[in-house]
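What TrEMBL annotates here:
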- 1-111: domain 'CMP/dCMP-type deaminase' (DOMAIN)
- H53, C83, C86: Zn(2+) binding site (BINDING)
- E55: active site, proton donor (ACT_SITE)
Amino acid sequence: MSFRSYMDEALSMAREAGARGEVPVGAVVVSPSGDVVARDGNRTRELCDPTAHAEVLVLRAACAALGSDRLPGHDLYVTLEPCPMCAAAISFARIGRVYYGASDPKSGGVERGARVFSQPQCHHVPEVYDGISAEPAAALLRDFFKERR
Ligand SMILES: [Zn+2]
């Protein structure tokens, strides 16, 4: 599977989140052997949990499946630039590579804002690849917020 097909999987998780009334963001974790070990979308409303972002949910599920609090060599795909909370969680989990779709000028914490991975206090810095399937990821969010207005 190519990195784009993993992002397609994240996009389908984002679509499902939107259908549940959640902000449409989806994420998957891929093991070093190329298996999708966790996939989910935002569930903050459903779980009444402000930390239930897609990235946090897939990190928790992948760690539980592996029986470890770290995921070395694993990759994380997410449709939107991670926020500072998720970027910190990604670093704690020792994720190898992060692929994300759309940029998030409002709440992103990777390219802008807190720039978590660029701080000297960040002890594990993943490789970051942005703009993967950015257009469909951004369109999902645009449509979602347009309908809410
Ligand atoms: Zn987040």
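Keep in mind that glycine also has a Cβ here, set from the backbone N, Cα and C atoms.
Caution: TrEMBL annotation is automatic and unverified by curators.
In this structure, of the binding-site residues C83, C86, the smallest number of CB atoms within 10 A of the CB marks C83.
Listed in chain order, the residues near the Zn(2+) site other than H53, C83, C86 are A54, E55, V56, P82, P84, M85, A87, A89, S107, G109, each with its Cβ within 8 Å of the site Cβ centroid. Predicted-model confidence for the domain 'CMP/dCMP-type deaminase' (1-111) is 96, expressed as mean pLDDT.
Across the structure, C83 (Zn(2+) binding site) and E55 (active site, proton donor) place their CA atoms 10 angstrom apart. Here the Cα atom of E55 (active site, proton donor) is found 6 Å from that of C86 (Zn(2+) binding site). E55 (active site, proton donor) falls within a helical segment according to DSSP. DSSP assigns C86 (Zn(2+) binding site) to a helix.
Note: H53 (Zn(2+) binding site) has non-local neighbours V25, N42, T44, P82, C83, M85, C86, i.e. same-chain residues 6+ apart with C-beta under 8 A of its own C-beta.
Taking all protein chains in view, 28 other C-beta atoms sit within 10 angstroms of the C-beta of E55 (active site, proton donor).
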